[in-house]
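Features reported for this protein in Swiss-Prot:
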| type | residues | note |
| --- | --- | --- |
| BINDING | Asp53, Asp55, Asp57, Glu64 | Ca(2+) 2 binding site |
| BINDING | Asp93, Asp95, Asp97, Arg99, Glu104 | Ca(2+) 3 binding site |
| BINDING | Asp131, Asp133, Asp135, Glu142 | Ca(2+) 4 binding site |
| DOMAIN | 4-39 | domain 'EF-hand 1' |
| DOMAIN | 40-75 | domain 'EF-hand 2' |
| DOMAIN | 80-115 | domain 'EF-hand 3' |
| DOMAIN | 118-153 | domain 'EF-hand 4' |
Amino acid sequence: MDCAITKDVEDMLRKFDSNGDGNITFDEAVKRLKETGSKDPLRAASSMFISLDKDKDGIISIKEIHGHKADVAAKKLQKAINNICNNFLKGYDTDKDGRISWDEVCNWVNKNNPDAIAPLMIVENFFSELDKDNDRFVTKCELQEYVTKYKSLPEQ
């Protein structure tokens, strides 16, 4: 588990778990929200339980808090990957069909690296890294798989 997520979970428990049992009850949530000046503590607690009490037992457990924090982190990561891939597509996908063709990469290399000693090798390397179905097109899905695996895209 990510250290930041663990710290967030511990902070939340410390603030809301008044009896120290490692769980947050609805009453504990309402009490804490009142103490912090919430305008509508019942509504805020209800919202909190809708989001966090996955098994609907009326108690938010440390496991549920960890799961929620991990879900939020995963969504942020997926959004970042999506943004990286969209920006990468913008740089190469000149015909705006949502994929990068062999010709688009050749044109990009010739335009942006005119002194390249082996431009065809650059294009071949690009496609060998990204084009998993060998159709001479790189799709957003292929970009996302690559970024998810390697945390970046190849540089040209």
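Each residue, glycine too, has its Cβ placed from N, Cα and C.
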(request) Would you mind reading off the Cα separation of Glu104 (Ca(2+) 3 binding site) from Asp131 (Ca(2+) 4 binding site), to the nearest angstrom? (result) 14
(request) Specify all same-chain residues, apart from the site residues Asp53, Asp55, Asp57, Glu64, whose Cβ lies within 8 angstroms of the center of the Cβ atoms of the Ca(2+) 2 site, ordered by sequence. (result) Leu52, Lys54, Lys56, Gly58, Ile59, Ile60, Ser61
(message) Restricting to the chain of Arg99 (Ca(2+) 3 binding site) and a gap of 6 or more, list residues whose Cβ falls under 8 Å of its Cβ, or answer none.
(response) Leu89, Asp93, Phe137, Val138, Thr139, Lys140
(request) List the other residues in this chain whose Cβ sits within 8 Å of the Cβ centroid of the Ca(2+) 3 site residues Asp93, Asp95, Asp97, Arg99, Glu104, in sequence order. (result) Leu89, Tyr92, Thr94, Lys96, Gly98, Ile100, Ser101, Phe137
(request) Please report how many Å separate the Cα atom of Asp133 (Ca(2+) 4 binding site) from that of Asp55 (Ca(2+) 2 binding site), as a whole number. (result) 41
(message) Based on DSSP, tally up the residues of the domain 'EF-hand 3' (80-115) by helix, strand and coil.
(response) 24 helix, 3 strand, 9 coil
(message) If I restrict to non-local contacts, at least six residues apart, and a C-beta distance under 8 angstroms, what lies near Asp55 (Ca(2+) 2 binding site) in its own chain?
(response) Glu64
